[in-house]
Each structure stands twice: as structure tokens, then as C-alpha cells.
């Protein structure tokens, strides 16, 4: 509401009111600082946050300059959606891959600085020289022919700019599809091997052993996956227990007074158990 | 006596040209028949092996009959009406160039038609025997070769008839190239002999040199006059400047030199004897090589306009007749002796037509008689070779008169005609030319006449030497074996070969007398070539010439008897010999001169151009490519693949654009 | 004070964003710098709308936002898929497309 008031405070819609000047002199340096911070921050997340600040300032400038719709779109879409998307991708990709300080391209920084300064000077000079004595007309705050910023924009977009608007819709759809195609991770490189192919690979000797690993002796002597399977000669099959559970002292299990285990392992289980470890 | 301007004959004297009617409208059959024969023989393949040669003979004979009918019809007309044209169809129409496919039937072309088809028919007949499959040889391939031979022979007759019958320069050129092609094919007929292939290439290339001259002459005529029809060209040739006319005549002469084996392009003709003997007889003695003489006689309205051009022609003729006669004395190869004799005799003809109105008709006269007796001589030589396992070295002959009486008699008549034995063909035609040469005023009379007389003596010498070595003396072949290891069994040739020889011998015997009787031929040719100028004044009176010439010839015979006839001839060529003989044996160094003046510099030029092309042109091209490649190789280093440096250059560009905008806006 | 100051602020923010794109190597931070540049342009557009007294500038800014949203979605997806294969988010490591 305050912002609205600020915009309407001036009797002449084009003139700059004191309030607006105050806002400009506060937010203008902030936006510049944000921009510089974004460029010079080492950490990409800091850059993004600095950019968010600049964009906020710009949104307020829009609102002050009688473009409230754009201002809110700036906040909602840019600072809200797009910058969040940036942060999201940053987290996914390169948060920790901060730039190295060393510049690989010789003279790149110096040239960039010179050109950037040159551009700034030229643009400032051009604007300064050509727009010194401009009396801004300003948009009509009310009265005939004005029915609010959003309505005005809508009228423009759906009449004069209809064709361009439709084109942007096509562009958005294309962009959405393109992003899906590009970002879709599932490649065909990890196609699952069928049963027949697996068997053939085993017989060809591509695996360590020809048969599957023996299951643990869950149903033989106990119901724990930590109980190893027992081979026909009564010895323990070491492969039957997962390497993770290998830490479980097999000896303890064997020492447990389990009649079934003893019956099946015979007399040689101790040595084999030792070896299996 | 015709009225002469300082520049030559007035255009008004040109014959009136009428459209051909009656039998003459069938004139197209003249060349279509041999063409059809050639086509059938080329296309029919092995099916024509059995009868193809007779088809060839028949088509030429039919052409002869038609030619004879047209000749008789024309002879029945008044002399002023004897020049007729038959336009067959509109051949080439490109822009301003418009060429008819038309025939010109006038005394000159009809004379040639009769010579070509008549002698050609006889030699076709002879070839039936000469090209017959050898017994014991590969009969199938021999028959195929005979068919190929007759196809090409008919092609030659067609092209030669087109050459003489065409009524414009393009048709002349068509026939000119056609006979060149046929000549090339037939010289290289024995494809398995490298020497034949080389000789064919040599003939073709040296002919090209002449053909370029002819082509350029035609270009000049067309550029200046816009027409190539004889009638129009001859009417309007007087409009051209004297220099242009001299250029045209010299270029035409170059064409004539190439085709007729005249100096400096004479070297191909002796090598052309690699072809079968009928080819030598018909193409390289009787007809094709006289095309140059025909060309000059045909374009006589042009030559009439330029004293200089005629002088050049006469000089070429004199040089050639001397060269041919000198070299002819040194060779042991019977066909090459005859070939150089041909070179020499055509030199006489060229000398004659070079004398202008005083000699055109005489040149044609000698051409006709020469066509008879030289064809007969070649056929006789072929008959001798036939008997001697295709051996051509006269040192291996000797005493053949007994074994081949018909050949001996016919050959002997040709020999007597050639050396100008009184009242035989050569006596009339050659003596007339020498007389006309002596009839020239000033130094020309002495030089031309003297050289021609000297050459007549040389002709008598080398021909007598040939006779002695071939038909008289010791039978040297009895102790020798042929190259393929057989004993020699000389025998007379079959009738199919001797009959043409006999007919031609009659020609050698009587043609001169018949044609000169009452100036028959000269008067007949008058509508085309103009009145024959009787020599008056000049170096030597006309009445002394026969005595002089016969005297020189007798001297030549005597020297030949002294040096060859009464002494045994060694089988091996005597070495070493005196300088003149060595030079003559090496064609008076014509090949060496060609090699040194044309071939070597040509090779050097080609090598230099290749070098220039490799280093210069290719260097520029490859250098450009290398430059671009190298610079792009360095430039691509800018493509580091780092997005940020690209972005940097983008920003730099952006700054520049903004700066430029501001500069334009606020400057 | 006039609205021109907003434009000057926008120019500075834009330049800072551009420098950030050039000097930072974390792809996500680079992306954020691009967002900053877009926001700076949006500020300019809103200010222009005010100066000219017309809503079209705001409509433009609205479209820029939409496009930026689409761009962020696709861009982040690309960064994720690159990270998944190359285990890095540094744009200097994706430099295979070169001479």
C-alpha cells in the first residue's frame, strides 16, 4: 500500500517525488552493491543471494515507476521461481566447485574490465547527454482511458501484442519440453541383462563363479542371515554370508549349543570356520 | 592474245556460269557412289570380305562412266557455256556465312574427274590383284585388310572428287581435309609397321602446316569479300589491295606446298611410300599430290592479279624440281626414287602454273600425262615388288626383264614418257613447260628454263639408272635371300594387275600426242584458265627447246649407262661416297633442316612453356592457395573454444558499435 | 532528480553483468550475470515507458521476462546435462569446439 502511495503521491505523474528520490538513493546503491557482490563473490551461493537482493531492489523500482504488475512479477517469478531454480541447480551441480582464482585466459580480466568500463562510460555519456532535459510524461494515474496497470497491460497484450504473446506461449512449451529432454537422466547404457544373457555370461566365465552364491543357512539350522550355509561335507560355506555381516563372530554362532548345527557340521567345522574368517 | 592490265587479267573475262541441266544434273552421283561404297565397306564388316573389293572397283567405274557422260555433254556445248554449277543444298548458314553444297562443272573440274575416276578405277582394279590374300598367309586377316583398304580407297576417291568439284572454298577445304585423312589412313595402312605409323604421322603433320595456310587464305578471302563461292570471289577479287592479294596467293601456295610435297614441305612424300603401292600410285603420284596444282589453277583469277605471287610459285616449283631430281639420283629404294621423281615432276607443274597465263594449261597438261605414266610406273614397281617378296632395294634386283615381260614393257614405256623420249607423253607436256619457262623475260627465263632443262637431264639419269638396276644386268637376286628367308622367284603378275598397267602404258604412249594434237586440251581448258599465252621474246626461242631438252636427256641416259649400265652393281651400298651423293642420300638434309629449324625450337618452346606453366601459372595459383591456407591456419588459432573469449570479442564489438553510434550522433 | 537516473543505474548494472560474464567461470554464475543484464534492460524499458507515458515499454519488459524464464529453464538443463557427462560446471572446460 505504501508503495502504491509513493507512486501516486506526485501530482504530476511523470515527475519524481521526494519519496521516490529517497527510495532511489537507498535502493540504487544496494542494487549496485548486489550486482558487484554477485560478480565478485567466490561462492556461487553468495552470488545468487546477492543477485536476489538486486532483483528485489529492481522490483521496487518497477513499482515506484508505475509498473506494479511487473514489480510483483519480478518478485514472484524472478526472485521467487527463477532464482530458486538457480539455487536448486547450484545445489545439484556445483555448490562446492567454486572458481579457482587463477585466470587461464591471458589478459581476459583486464580486457573485460576495460571493455566493461568503456561500455559503462559510453552508455552513461550517451544517456547523460541525450536525456538531460527530458520531461517525463508519466502514465496517467486515473481518469479517462486508465483502468489500472494490470488491465492496461492485459489490453495491450491481448490486442496489439497478441501474436507475440502466442509466440511466447509456443516458446514456453518448447522450452519445457527441451528441458525435459535435456535433463532426463535415464540412459540406455544400463539396460538390464536378461536371464539367458546372464547364464551365458556365467558359462563364459565372466563371473567369479559359475553358480549363484549359496544362500545363508537360514532354514537349515536357524533363521538368521548370519548363520552360514553348510556344505554337503558339513563344512561352512563362507560365501553364503554377506561381507557386511562378516563381522559377526561366526565362532560364537558355532559355539552356541544348537543341536542341528552340530549334527550337520560334523567334527571339522571348527577349522573351516577359522579359515572362512 | 588477251587484254592485260598491269595488274593481270580483267574480271570481265571470267566465264559465264549457267545452271547445270541434263546429264550434268546427275553430277552428285559422281561422289555419292564412291561414298556409298566406302560406307558399305566400313559398316558391313566381315560380311563384305568376299565381294567388297569388287564393290569398290564398281563404284569408281560407275563414277567414271557418269563423268564421261557429263564430259561428252559438256564438250557438245559452245565453249562459253561450258562452265556450269549444280547447287545441291544449302550447307552452312551461320550469321553472314552462307555456303552452298554446290558443284562446279567446268573443263578443269571435269578433266580432274576423268583423271581421278579413270586412273583411280584402273588402280582399284590393280589393287584387287595386289591386295589379294597371300597364299599360306593368314587369309582371314588379309581379307579384312583388303576390305579396309578398299573402304579407305573409296573414301579417298570421294574426298578427291569433292575437292575438285566443289564450287566454293569450303567444299574445297572439305575435300582437302578428306584426302588428307584418307592419305593418312592409307600411308599407315600396314598398322603393324612402326615406320608406316611414323610416316603417316609425318605426312599428316606436314599437311597440317599447309592446311593452316589454306585455311588462313580462306579466312582472309571471307573477311574481305564476305563470300566463298568461286564465282563471286573471282568477280570481286580485284577490289582487294595488292598486298592482300599477295598474302592470299602466298598462303594458298603454302597449302599447295603441303599437299603437293613442294619445297619446303616436300619431306613427307617419300616417306609416304610406306603405304601399299596402289596408294603410292593413285594418291601420292597421280591425283592427291596434284591437288596443289589444281588449287593454283583453280584460283587463277587471283594469281593473274599478282606478278609477285606467281613468281613465288614459280620459284618454289624450280627449287622443288631440282631437289627432287637430285635426291632421286641417290636412292636405291625403287619406290623412293619414283617418289622423288614425283616431287620433281610436280615441281614442273607448279613452275608451269607459276608462269601465269602462259602456263596454267601446260601445268594441267603435264599433270594429266604424269598421272598416266607415273601411275603406270608405280604399278610396275608394285608388280616388281610383288615378284620380289616386297623387297624395294634395287641393288637386289637385276635382269628382271626376261622374267616379267609385260611389266618390263609397260614400265619401259612409262620410263620413256617420263624422260621425255620424243613423241611420247612426257615429251609433249614437259617440253612445253620448259619452253614456256624459257619464254619468260629477263633472268627468269634463263633461271627457270635452265633449271628445268638440267632437271630433265637428271631425270633421264636417275630413271635410266633405275631401269638398268632393275631390269638389266646381272641377276643379283639369285645369290640372295629375302628378309623372311625365301629364295627369289620372279614371276609375272596376274592379269588383274597387268591389264591396268597396259592401259596406263597406252596412256603414257599416246596421251601427250592426243591431247596436244591441235592444242586439244589447251583449247578445252580455255574457258576456265583463259587463253594460253604463247611465249614471245624471252630467253630462248621456242623452236630450240625440244632439241635442248632431248639433248640433255640423252646426256643423262649416256651418263647413266657409263656409270651404272656397263658396270656391275654392288649389292651393298658403296661407302664412303662423295659429298653430293651423301647429301642426296640424306634428302639434301631436308629432315635435318626441319628438325633443326622447326622440331627442336618447337620442343624447346614447348619445354619453356611447360616450365613457365609449372612455375609461373601454377606458381601463382598454388601460391595463392598456399597463402590462403597458411593465413587461415594462423587465423584459426583465434578459435580457442573458450566461450569467454568469444564473449569478450562480442563485447568489444558492441562497445565499438556504441562508440560509432555516439560519434555519429554527437560529433 | 529525473527518471534519467534509472537509466544510468541500468547502464551500470548492464556493464557489471557484462564484466561478470567475461570473468566468471562457473556456468551458473555466468547465467546469473546474464539475468542481471536482462534485468538492467527491463529497468530501462520500464523507465522509458514512464518517460513516454505509454505502456508498451512495460509490455516489452514483460516479454523479456517470459523469454528469460524459458531461457533459464533450457540453459540450466543444458548445464546439468553437461555436468552429468563431464563432472564440471566450468565453461572453460567445454572448449572442444575449436580449431
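A Cβ is built for glycine as well, from the same backbone N, Cα and C atoms used for every other residue.
Averaged across the domain 'NADH-Ubiquinone oxidoreductase (complex I) chain 5 N-terminal' (B:91-134), pLDDT for the predicted model comes to 86. Residues or ranges marked as domain 'NADH-Ubiquinone oxidoreductase (complex I) chain 5 N-terminal' by TrEMBL: B:91-134.
According to TrEMBL, the feature domain 'NADH:quinone oxidoreductase/Mrp antiporter transmembrane' maps to B:167-453.
For B:51-72 (among others), the entry in TrEMBL reads transmembrane segment.
Residues or ranges marked as transmembrane segment by TrEMBL: B:108-128 (among others). Same-chain residues lying 6+ beyond the ends of the transmembrane segment (B:108-128) with a Cβ under 8 Å from its Cβ atoms: 30, 53-54, 56-57, 60-61, 63-64, 67-68, 70-71, 74, 149-150, 153, 157, 160-161, 164-165, 276, 278, 281-282, 286-287, 294, 297-298, 364, 367-368, 371-372, 375, 379, 382, 496-497, 499-501, 503-504, 521, 524-525, 528-529.
The feature transmembrane segment is assigned by TrEMBL to B:149-166 (among others).
Residues or ranges marked as transmembrane segment by TrEMBL: B:212-231 (among others).
Long-range contacts of the transmembrane segment (B:279-297) within the same chain, counting only residues at least 6 positions beyond its ends with a Cβ under 8 Å from a Cβ of the stretch, are 108, 112, 115-116, 119-120, 123, 126, 153, 156, 160, 163-164, 172, 176, 179, 182-183, 186-187, 189, 210, 214, 252-253, 255-262, 269, 272-273, 303, 313, 335, 338-339, 342, 346, 349-350, 353-354, 360, 363-364, 367, 370-372, 374-375, 377-379, 381-382, 528-529. What TrEMBL records for B:279-297 (among others) is transmembrane segment.
Per TrEMBL, the feature transmembrane segment maps to B:309-330 (among others).
Here TrEMBL flags B:337-358 (among others) as transmembrane segment. If you look at the transmembrane segment (B:337-358), the same-chain residues 6 or more away from its ends with a CB under 8 A from one of its CBs are 2, 9, 256, 260-263, 266, 269-270, 272-273, 280, 284-285, 289-290, 292-293, 296-297, 300, 303-304, 310-325, 327-328, 331, 364, 366-367, 370, 374, 377-378, 381, 394, 418, 430, 433, 436-437, 439-440, 448, 452, 455, 458-459, 462-463, 466, 529-535.
For the transmembrane segment (B:406-428), the list of distant contacts is 341, 345, 365, 369-370, 372-374, 376-377, 379-381, 383-384, 387, 400, 456, 459-460, 463-464, 466-467, 470-471, 492-493, 498, 501-502, 504-505, 507-513, 515-516, 546, 549-550, 553, 556-557: same-chain residues at least six beyond its ends, Cβ to Cβ under 8 Å. According to TrEMBL, the transmembrane segment annotation covers B:406-428 (among others).
The transmembrane segment annotation in TrEMBL covers B:448-473 (among others).
Summarising the annotation, TrEMBL assigns transmembrane segment to B:494-515 (among others). Counting residues 6+ beyond its ends, the transmembrane segment (B:494-515) has Cβ neighbours under 8 Å at 119, 122-123, 125-126, 128-130, 365, 368-369, 372-373, 375-376, 379-380, 382-383, 386, 406-407, 409-411, 413-414, 416-417, 423-429, 521 in the same chain.
According to TrEMBL, the feature transmembrane segment maps to B:544-564 (among others). Sequence-distant contacts of the transmembrane segment (B:544-564) (same chain, at least 6 residues past either end, Cβ-Cβ under 8 Å): 419-422, 427, 430-431, 434-435, 438, 449, 453-454, 456-462, 464-465, 468-469.
As annotated by TrEMBL, transmembrane segment applies to B:646-666 (among others).
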For the domain 'NADH-Ubiquinone oxidoreductase (complex I) chain 5 N-terminal' (B:91-134), the number of residues DSSP places in helix, strand and coil: 24 helix, 13 strand, 7 coil
For the transmembrane segment (B:51-72): best-contacting stretch of B:149-166, B:212-231, B:309-330, B:646-666, by Cβ pairs under 8 Å: B:149-166
